[in-house]
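The annotation active site, proton acceptor is assigned in Swiss-Prot to 474. Per Swiss-Prot, the feature FAD binding site maps to 7-36; the stated evidence is sequence analysis.
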């Protein structure tokens, strides 16, 4: 590095950090150091650039921190996968590319918390629009000139997508043309962070490509943040490991922690900010006893409901190695074909009970039967629904195990700890079976492969969930925003009790949102970037949005009644 002092130091070049680096350096008089523990975003590496290759980065450690939980007490004491992105782009470099913002009522609910009144949906919507360029053009809900390239599914990609959406409608649930528009609730096409040329649209591509040549931005990869430095109760810089060297950089204005819901609380704790009793166990000098750091950890858990496909229209042949060179060549030369899609092109959100105020279950439809990380592929034509509950009351924690920055922390999500979790997963399995029984899927639907049609009782379904449910890779809320005793940051991401230090990423969500987390994380960073720059907030939207207000979860009876259990 040519200088050791910057206005801002950003720890983590992921979904949020790249937004901040790009927006802050729009001011030519501001200098920014962006630190990333992983490597560059190689634009010719098919593992991260080809949408259909999304499982590959999760199978190694080049782009994946590959965290693992402690034995989960309610999940047969399994140690469960917790993949997080490592490299420029962070988790936007390895995620499933589903662009889902969450439900409007998620943000309206945040705004009911003391001090978070300006996080209501209509306050957030302008920042979602600012970040986005949608291929079908802008409207009241979508942007047309933002850094994130969003494409929406088009008809005719695979007959299974249209059949699964139609089956949801036949089961009595709404149809929606836009899961990010007026009405999230219902079934419809899925927006994706994929470019019109069929490449992954990570924040490294969308944001950093605009900023990396600016003289006031310095990007250092393979730079592992060790500790935040303090003078009293003010953050003054960061010590990081770069190769064999330990480097210290000073921040004239602020240190911005954007390391994600696992690594952000880990870095704070290692630096002496966190629950005092945890820090003293490791002989870490306590800068500030802040009990919420690492607590309130939330995630989405999901399961795969899989069926045999009677017609040869699934992606099963694409899993065979002898077909993959042709798929890869078409993608590389033309940006088209099976390689150009993440194949999550349809999905939906439903309420399983009439008294649920907004959807509590999410669906991703996939025209093949396989685990998200590419494991356990079914050796036949098949299709599946990824199904999971959205706002589990179960919370966990991230706790430092070592002062060594290379050591992974102790992670416990505490999945399925509450009775509501079990009720919602049973409801989800039964609702999914009813959807899959509808006439739209008659020509495709074969045997139920998982859980298996013979599993019907509550105990049998619970046993399946306990053994087979997996993470949806949505950790969040471990440095939550708010003003209660467990809050870590205020409504602008500033760490309570510390000057010159913010956390800006999914960890500051007070409650997890309804859907995938990449889009909300980008929005959070856009909104706080304006606060850091002391810009006037974008004008509040006046767009309309759907509120159930006690309406039935289904608008009518299913075309085909559920099977008798």
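Placed from the backbone N, Cα and C atoms, the Cβ positions cover glycine too.
Quantities reported herein were computed from a predicted structural model and do not represent experimental measurements.
Cα of residue 11 (FAD binding site) to Cα of residue 474 (active site, proton acceptor): a span of 20 Å. Neighbour counts were taken as the number of other C-beta atoms within 10 angstroms of each residue's C-beta; across the binding-site residues 7, 27, the minimum falls on 27. Secondary structure at residue 23 (FAD binding site), as computed by DSSP, is helix.
Around residue 474 (active site, proton acceptor), the C-beta neighbours below 8 angstroms that are at least 6 residues distant in the chain are 299, 300, 506, 512, 516, 517. Counting other C-beta atoms within 10 Å of each candidate's C-beta, the binding-site residues 15, 31 are led by 15. In sequence order, 9, 10, 11, 12, 13, 220, 223, 225, 238, 240 are the residues of the chain that are 6 or more apart from residue 35 (FAD binding site) and have a CB within less than 8 Å of its CB. Ranking the binding-site residues 11, 19 by other CB atoms within 10 A of the CB puts 11 at the bottom.
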